[in-house]
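Here is what TrEMBL says about this protein:
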type	residues	note
ACT_SITE	D400	active site
BINDING	K227, S331, A332, Y333, L334, E405, D420	ATP binding site
BINDING	D420	Mn(2+) binding site
DOMAIN	295-512	domain 'FAM20 C-terminal'
Amino acid sequence: MLRRDRLFLAATLTAIFSADLYFILLPKLRSLGRTHSCPCGSSNLSLPKQGGLATPLLSNWTSVPLLDGATPEPADGGSKLGKLFAHPLYNIQTPALGPEERLLQAEQLIEYYRRKVSRWERHMKLYSEAAAEANITVTEHEVTYDPDASWLKFHLGINRYALYSRDDPAVLQLLKDMQNMAVVSADYTQDEKALKGACDCTQVVKPSGHHLKLALKMKNFAKAMFKPMRQRRDEETPEDSFYFVDLQRHNAEIAAFHLDRILDFRRVPPVAGRLVNVTGEVLQVTHNEDLRAVFFTSPANNTCFFAKCLYVCKTEYAVCGSPDLLEGSLSAYLPGLSIAPRISIPNPWTRSYTFTGREEWEVNPFYCDTVKQLYPYNSGNRLLNIIDMSIFDFLIGNMDRHHYEIFTKFGDEGFLLHLDNARGFGKHSQDEMSILAPLSQCCMIKRSTLLRLQILARSEFRLSDVMRESLEGDPLRPVLTEPHLSALDRRLQKVLRVVQRCVRRLGEDEVITKDFIKATGKPQTATVGERAR
């Protein structure tokens, strides 16, 4: 028996020594053998040479201290957000855009627009005739055909690299239009229409009808998805709630757009907050009788409506105005699938949408090795874009990224769309590290992403400060409470620590992928917060 114990002890010590040799000593020896110096050590990381621009030094990301709650202003009292967007890191030049790099051509989009106008005119004529026969008064709104509409310019600006350019004035105008322009039509979204009210109550993951979202059309035919306020800003998601039954938060959609722009991903469609009159801008302009049927007046004399799915067709699940005004987010629609097809792809790191199940990545620390062998993750930028998305989701606390979408025109090298972010910003007191599994398991990150994270960890560009300033331009300010803003700083530090551990174990060349393009000499001249005010 004693001899068996000794053999077991010897085998255990041998295994521990082998693991240390493989994971710690060998990577260090390989890094020492390289001829170049590793910027992840005591020296500072810096940007590559940038055509006449000074190369800024960034603070050593391996030793950035935890940030406290203070929010010091720049020495000259200027805009931190403006200085961030003027930084060379935010003025990287993309290649010249030819027809193949643009999602749509102007002639194609204008023809699509004209068809929408003709279809609307035919629909309104038939609806007015039917209403007249039934002796029903129809509220008619003026609609305009505007080939210079901001939403058209936004759609024309979508390219292989992002949804919009860094200084695109059309995006700023689109935000203003969604905040102020008259609504001429309200309807259910297409996915809710597909349910036809027949919801399977046995499903753990409820269909879209549970989330009370509507499609609103503006007088210039711009279309936006409206998600009403369901939760107060100071409320946290209860500890015992599963991520797949969490409420969708309108302010999370707004904040996610601003964060995505600050990170320079530009993969979230523009989102603006708005006080919507649910009587005048929804009930009185909808032509859908099913939608009309879910409106009622509460005992407090407030106008309310609820989702049409049978299992939530109850007044206790409704949202109500005060008495008619209701906060909500308006997300700009992307071009229609008929002219800009998209496909939805399961996230390799999707979660189990059951109460007890677990996915392979949750139990297998080497899961990424399997993913790297699979198409389309075995080449190109797809896996790196998944990791970008996981960092974004970790910062906002979104555990509900079961699919992602891409434009089919751009193929495997196209960017991922960061859609449906309303389940973010639910818990400021908890950081769900499992969201970072793609980063921690694959130990890969784009150099541009890492450097932007680093600069946002510096006091002069602190992430919480620039987010606060950017969100000040939204009509529903304050969009986030201070604990949520502080959580962004805390989570950013944790992302940097994960990268640090990867670099220590594998070396910089294995972890950090160089992806820079030449910088321009012309910095951005305005910010969302400044131009939207």
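Numbering starts at 1 and runs along the chain as it is shown here.
From the backbone N, Cα and C atoms, a Cβ is placed for every residue, glycine too.
Looking just at the domain 'FAM20 C-terminal' (295-512), the mean pLDDT is 92.
Reported as a whole number, the C-alpha separation between D420 (ATP binding site) and the residue listed as 'active site' equals 9 Å.
For the recorded positions D400, E405, D420, the greatest number of Cβ atoms within 10 Å around a candidate Cβ is found at D420. Counting only same-chain residues at least 6 apart in sequence, those with a Cβ under 8 Å from the Cβ of Y333 (ATP binding site) are W151, A215, A222, K223, A224, M225, P269.
A count of other CB atoms within 10 A of each Cβ picks out A332 as the most crowded of the binding-site residues A332, L334.
Its Cβ placed at the centre, S331 (ATP binding site) has 26 other Cβ atoms within 10 Å.
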